[in-house]
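Enquirer: Below are the structure tokens for one structure; questions will follow.
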Amino acid sequence: MASVFSLPSSSFLCPLKTKRFRTKFQSLHSSPKPFLINSLQLKELDPNIPEPVQTFWKWLCDEGVVSAKTPVKPEIVPEGLGLVAKRDIAKGETVLEVPRRFWINPDAVADTEIGNVCTGLKPWISVALFLLREKWRDDSKWKYYMAVLPESTDSTIYWSEEELSEIQGTQLLSTTLSVKDYVQNEFQKVEEEVILPNKQLFPFSITLDDFFWAFGMLRSRAFSRLRNQNLILVPFADLTNHNARVTTEDHAHEVRGPAGLFSWDLLFSLRSPLKLKAGDQFFIQYDLNKSNADMALDYGFIEPSTSARDAFTLTLEISESDDFYEDKLDIAESNGLGETAYFDIKLGQSLPPFLIPYLRLVALSGTDAFLLESIFRNAVWGHLELPVSRANEELICNVVRDACKSALSAYHTTIEEDEKLMEEGNLSSRLQIAVGIRAGEKKVLQQIDDIFRERELELDELEYYQERRLKDLGLVGEQGDIIFWEPK
């Protein structure tokens, strides 16, 4: 999770450095032709559904993606638009299948007029340019799909300055601003290197707002968990909404099957993770591992009732000015970490197992530094999993607690004030996200502070390296008293 943890009082907790982010594509039939579908399929749609959605559904029917056997249909739902079961659906039953010729991914872009100029671009940028070009073209094969894509979502990348002020002090704000800077920089490069030199391919104005729209569509609608697929938009399938009741991600599959009257191809298949009754909405799980901040950034909603989604990222760093920088870095890398390490801490869950050892490592100094000697190299991590010395343990407690207090002071509301707002209700969707995010982060920070406050109270009771070593040598009794051996 990209985030920022600011700690002016420590050299080893630091701001996070931003991190993120051939099969031929069969062309769709482009010749004009009437929609040839069963009239019963048209009547089954709610007349209150927006006209673009009805037209999109007709297109899917005409192309054979939807048939009378398709067990779901689009309807107005609390989330806006979703897919609802027309009949009972068994758990694990296939709900929809979309042939590969309808997938929008880098391979699809490569087989279009802009394919050559998109070679070498980041995959998401090539798909973004494709979306913008197809949205502009009146004769686009994808025009019915483009017409149902929203102009924006509640993702924080679309928030106004006033709305962003509601997440003041949060890691989500820092991440959002970093992502916006990243997208802006990518747009400036692609505008200069691809768009302007190829006006014959892009004979229309592409603004930064347009580019943000395409970026947001990809963040919120792309499937990325298929085998061999890093980025894929699937019309029809992307009408499926998320629900926390779904606790598995094993619902999207690539299968081979009929893709037309006389053809077989790869199909994008979605199976129901839940048993559904007729009239129930068909849900999937977008991502079990994302925090509420990730959900807000990518999809424009959060799960306020799921405490495990509330998280805060501690960012630790071995300073290059540390006298033992090379030794500490070598030890960290030997244990799968690096100069900078990120630890996502979730509400109600234990600290990540490598957090405390890494803290002890970066805090090693003075008389404790003997553990950095090469003779201990193979065993040092095992020693760091236990308290090293009182001074070392006290230092990490002080540093983390000071960091928590500093982070908490950056919010402009208290946990109690946020909870009162949520209880009163009547919040806009974006304000609900803001209040939920800042309350969740503060609860996690309070949890971290409580853990290290309790640890401070136990400092005199902990067993440190020297005591353990003396016990191993038989020089300390069971009560902790030093044994003196007198010569016979």
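Yeah, the Cβs are placed from backbone N, Cα and C, and that goes for glycine too.
Note that the coordinates shown come from a computational prediction; the quantities given were computed from them, not determined experimentally.
Feature list, courtesy of TrEMBL:
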| type | residues | note |
| --- | --- | --- |
| DOMAIN | 63-287 | domain 'SET' |
| BINDING | Glu79, Gly80, Leu81, Arg221, Asn241, His242 | S-adenosyl-L-methionine binding site |
| BINDING | Arg221, Arg225, Asp238, His253, Tyr286, Tyr299 | substrate binding site |
Enquirer: When a 10 Å sphere is centred on the Cβ of Tyr286 (substrate binding site), how many other Cβ atoms does it contain?
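Expert: Result for Tyr286 (substrate binding site): 20 neighbouring Cβ atoms inside 10 Å.
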Enquirer: Starting from Tyr299 (substrate binding site), work out which of the binding-site residues listed here (Glu79, Gly80, Leu81) have their Cα within 10 Å, and give them in sequence order.
Expert: none
Enquirer: Average the pLDDT scores across the domain 'SET' (63-287) and report the rounded value.
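Expert: The answer is 93, the mean pLDDT of the model over that range.
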Enquirer: Taking the binding-site residues one at a time (Glu79, Asp238), which has its Cβ surrounded by the most other Cβ atoms within 10 Å?
Expert: Asp238
Enquirer: Does anything in the same chain, at least 6 positions from His242 (S-adenosyl-L-methionine binding site), have a Cβ under 8 Å from its Cβ, and if so what?
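Expert: The list for His242 (S-adenosyl-L-methionine binding site) reads Phe283, Ile284, Gln285, Tyr286, Tyr299, Phe301, given in order along the sequence.
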Enquirer: When you rank Glu79, Gly80, Leu81, Arg221 by Cα distance to Asp238 (substrate binding site), which of the binding-site residues ends up on top as the closest?
Expert: Arg221
Enquirer: Roughly how many Å separate the Cα of Gly80 (S-adenosyl-L-methionine binding site) from that of His253 (substrate binding site), to the nearest whole number?
Expert: 26
Enquirer: Please report how many Å separate the Cα atom of Leu81 (S-adenosyl-L-methionine binding site) from that of His253 (substrate binding site), as a whole number.
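Expert: Just about 23 Å between their Cα atoms.
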Enquirer: What is the separation, in Å, between the Cα atoms of Glu79 (S-adenosyl-L-methionine binding site) and His253 (substrate binding site)?
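Expert: The separation of the Cα atoms works out to 25 Å.
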Enquirer: For the recorded S-adenosyl-L-methionine site formed by Glu79, Gly80, Leu81, Arg221, Asn241, His242, name the remaining residues of the chain with Cβ within 8 Å of the site's Cβ center, in chain order.
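Expert: After dropping the recorded site residues, what remains is Val77, Gly82, Leu239, Thr240.
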